[in-house]
Amino acid sequence: MGSAPLPACLLALSLAGTVLAPGCGAAQGRLAHKLLHDLFANYSSALRPAEDTERALNVTLQVTLSQIIDMDERNQVLTSYLWVRQAWLDAHLAWDKDAYGGIDSIRIPSSYVWRPDIVLYNNADERFGGSMETNVVLRSDGHIMWDSPAITKSSCKVDVSYFPFDGQQCRLTFGSWTYNGNQIDLRNLLDTGDLTDFVENVEWEVLGMPATRNVVTYGCCSEPYPDVTYTLLLRRRASFYIFNLLLPCVMISFLAPLGFYLPADSGEKVSLGVTVLLALTVFQLLVAESMPPSESVPLIGKYYIATMTMITASTALTIFIMNIHHCGPGARPVPPWARRLILHHLARALCVCEVGESCGRPQREGTGGMGPRDPPGEGVEPGLCPRSRCLCHHHAVLSSVGYIAGVFRRHRTAQRRAAEWKKVAKVMDRFFMWVFFLMVFLMSVLVIGKAA
């Protein structure tokens with residue numbers, strides 16, 4: 001008999017493979033069912049899977065930070081989305097993979113096997129839900145790996161002393177709730193948490209997530225209890241607070257010294273100070289609402305309080321200076337020390353000059369630089385005639401003229417006195433304006449320096 005052609009042989013082999021493939025898959029399924037039945041025939045998930053009950057079972061933990069959902073500074077609670085991986089060896093669930101068609105691993109519900117009761121010690125969730133019920137990966141050598149996502153709420157001590165330029169350290173402490181260190185040896189797989197799949201947060205920047213293993217002995221028990229603590233290093237993104245809270249405060253605080261530059265007769269000097277004070281009070285309330293009620297005052301809060309104190313002082317000084325400005329003709333003369341210090345030295349230093357005066361020349365002590373001199377007929381006693389042809393017998397007329405001249409002199413003296421007090425007020429306004437400008441500048445530099 002002649003041999004069959006080569007194409008016919010290839011077609012027959014391909015058809016045979018097509019027919020046998022479903023049969024192989026069905027065989028694998030039957031072997032997997034048989035494996036599952038054989039493994040859990042006499043298995044109890046309530047007992048710790050250790051061949052020697054005197055030895056501790058090694059459990060490794062690795063946490064992956066996926067997202068920071070919320071940081072509640074007022075209640076001091078951090079809400080985060082984590083992927084928690086736990087791995088251990090269950091000697092009761094090992095099999096020979098050659099006896100089961102080469103099956104090396106299976107995925108089964110986590111409720112089928114024993115699981116370590118690893119919980120978040122500093123949990124702040126009222127429901128205390130824990131991890132999701134996900135499958136575990138069981139390998140032929142008995143190693144079990146359990147990956148489960150979890151949304152955790154952990155307590156975090158928030159220090160707002162340098163808000164909005166602050167950084168926080170939030171700890172996530174994982175440990176067994178009932179097993180001590182002689183029964184479960186909990187260790188971290190890596191020295192840091194995994195941040196490769198982290199979704200960036202708009203408010204917080206994650207600087208790192210180091211992991212440390214601690215062994216703690218509590219007062220209730222003599223056995224040691226190991227735990228793994230992940231420290232989440234956070235730094236606040238301050239741009240939002242700079243543009244919405246800090247810069248408006250700086251600009252408003254620079255308005256306070258300008259109140260001294262307003263003319264005293266405008267009637268708006270005190271109104272400006274009170275308006276600025278009310279605006280800062282509103283911003284202070286906005287900061288207080290978002291901060292936890294603690295003893296530590298935030299940096300921006302200190303800046304607000306210092307600015308409000310400065311504006312209060314400037315408003316009080318404005319009222320005092322306005323009282324000097326409007327003292328009127330009946331006021332006493334300017335004291336010599338005030339005339340020398342304010343009208344001479346400070347006025348020249350601050351270039352506060354009246355019309356026709358020069359800031360470089362000192363004023364004369366007698367007149368204080370106010371008004372023209374007495375005309376040449378004043379100061380002559382009534383009754384004396386400057387010329388020989390004076391009609392001295394008109395005593396009544398001369399007496400009246402002398403009286404009018406005296407009233408005019410007293411009126412001019414009162415006017416000069418009031419003008420001097422007005423200039424004193426103007427010099428003090430200019431002096432305090434520069435003093436408060438310097439104070440605002442120094443406070444702003446201090447805030448920026450502390451932030452750096």
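Yeah, the Cβs are placed from backbone N, Cα and C, and that goes for glycine too.
As given in Swiss-Prot:
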{"type": "CARBOHYD", "residues": "ASN42", "note": "N-linked glycosylation site"}
{"type": "CARBOHYD", "residues": "ASN58", "note": "N-linked glycosylation site"}
{"type": "SIGNAL", "residues": "1-26", "note": "signal peptide"}
{"type": "TOPO_DOM", "residues": "27-239", "note": "topological domain 'Extracellular'"}
{"type": "TOPO_DOM", "residues": "325-430", "note": "topological domain 'Cytoplasmic'"}
{"type": "TRANSMEM", "residues": "240-260", "note": "transmembrane segment"}
{"type": "TRANSMEM", "residues": "270-290", "note": "transmembrane segment"}
{"type": "TRANSMEM", "residues": "304-324", "note": "transmembrane segment"}
{"type": "TRANSMEM", "residues": "431-451", "note": "transmembrane segment"}
*asked:* As a test of reading the model: what is the averaged pLDDT for the topological domain 'Cytoplasmic' (325-430)?
replied: 65
_Between the Cα atoms of ASN42 (N-linked glycosylation site) and ASN58 (N-linked glycosylation site), what distance do you get, rounded to the nearest Å?_
23
*Could you pull out which residues elsewhere in the chain have a CB under 8 Å from any CB of the transmembrane segment (304-324), counting only those six or more residues past its ends?*
249, 252-253, 256-257, 259-260, 264, 269-270, 273-274, 276-277, 280-281, 283-284, 287, 297, 421, 424-425, 428-429, 432, 436, 439-440, 443
*Ranking the glycosylation sites ASN42, ASN58 by other Cβ atoms within 10 Å, which is at the bottom?*
ASN42
*According to DSSP, which kind of secondary structure is ASN58 (N-linked glycosylation site) found in, if we only use helix, strand and coil?*
strand
*Indicate whether ASN42 (N-linked glycosylation site) is helix, strand or coil by DSSP.*
coil
